[in-house]
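Chemist: Sharing the record's features from TrEMBL:
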DOMAIN    1-432  domain 'Major facilitator superfamily (MFS) profile'
TRANSMEM  63-81  transmembrane segment
TRANSMEM  87-109  transmembrane segment
TRANSMEM  121-140  transmembrane segment
TRANSMEM  160-178  transmembrane segment
TRANSMEM  276-294  transmembrane segment
TRANSMEM  306-330  transmembrane segment
TRANSMEM  342-367  transmembrane segment
TRANSMEM  379-401  transmembrane segment
TRANSMEM  407-428  transmembrane segment
């Protein structure tokens, strides 16, 4: 999550714009460069998520995660030392390879190493820590902005240095952890798998769990071809997964995640410090709401009602922001915040709350539940790739949209939120009562 949010503060840093010869008065040029910086990371994520499918089986979950952490670290170093835009782009692509791979590998590792009764909680914490990383990046941008002169290049380099710290910790920390029993069994290393289960389960009887692992592997081995994934019996499920992953990005959430300081400027905040502070508060609130949502609401109300209701509420919030911007347009905002600016800020915060309770976690959870075990790995890989594709497109075009038609941008994404709710109402079955092993 940190890599998603850190870019917003970096793009508005005066020293960053000077260093890379970006003219803030040339809105189209600035928007195009901003879009490139954001979208090249997502392109790397796309290919990283696809490559991870093969490396996870060949190298194992543990060493694949370590490799991905190393790749991300190398990309982070390129971003820190980058002396022109091409080097910065290269670093973003390399880091994206690591992020994309980890987005596939870590949930698999958690699902295979954790006890069955803890998998739901740990799966929810995955989304919580993404939100935590996002909030951390926002606050690092704000604190550095307060402490360092705006013309010092360390203003944007320090947040980039911070982002490689977790990847280094992951790289070395994984060396002390076990390979998953499921992967060991799949590679005819059942004795090692049994030893690992004994170590991580303690005194519990692990024979039944070993039998379940071996049974599920035999089921999965029956049908694993891509032809089977897109065959008629599975095609509807695949299209549902692809659709909700694409619609998640079309709700506009990552426009706010990537360009939140620019967003808050468009609704009336008059200084970089105020924009970054508002972004930090937004990140903290989102982190808290994600935790609340996963701990209680999703299993209580189900996926479908939250997706339908959340989409409608998010659409209304986006429409409210468009009205507020129309009443208090960018470049005409007086010093300080008036009623329309405060109202727009409240609408964006409310949008974040509803997203964190619905379209944030639910599409990922839904895609993990809708597929049978025989096609789950490949189907999930494909739907994740679709998410990254739409993520990259949104990252590229949204700054241009904001620069040329701010009001229309909010109306556009608000309409997609409503469309997402209509789609879920018409086509999406509930999976709350469906057993994961089906």
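Just so it is clear, glycine is given a Cβ too, placed from its N, Cα and C backbone atoms.
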Chemist: Mark yes when the transmembrane segment (121-140) and the transmembrane segment (342-367) have three or more Cβ pairs under 8 Å (sequence separation 6 or more) and no when they do not.
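Modeler: Counting Cβ pairs under 8 Å (6 or more apart in sequence), the transmembrane segment (342-367) reaches the transmembrane segment (121-140), since there are 3 or more.
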Chemist: Most CB pairs under 8 Å with the transmembrane segment (63-81): which of 160-178, 379-401, 407-428?
Modeler: 160-178
Chemist: Counting only residues 6+ away from its ends, which parts of the chain sit with a Cβ under 8 Å from the transmembrane segment (379-401)?
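Modeler: That would be 28, 30-32, 34-36, 38-39, 41-43, 45-46, 49-50, 53, 100, 103-104, 229, 234, 237-238, 241-242, 245-246, 248-250, 252, 254-255, 258-259, 262, 363, 367-368, 371, 408-409, 412.
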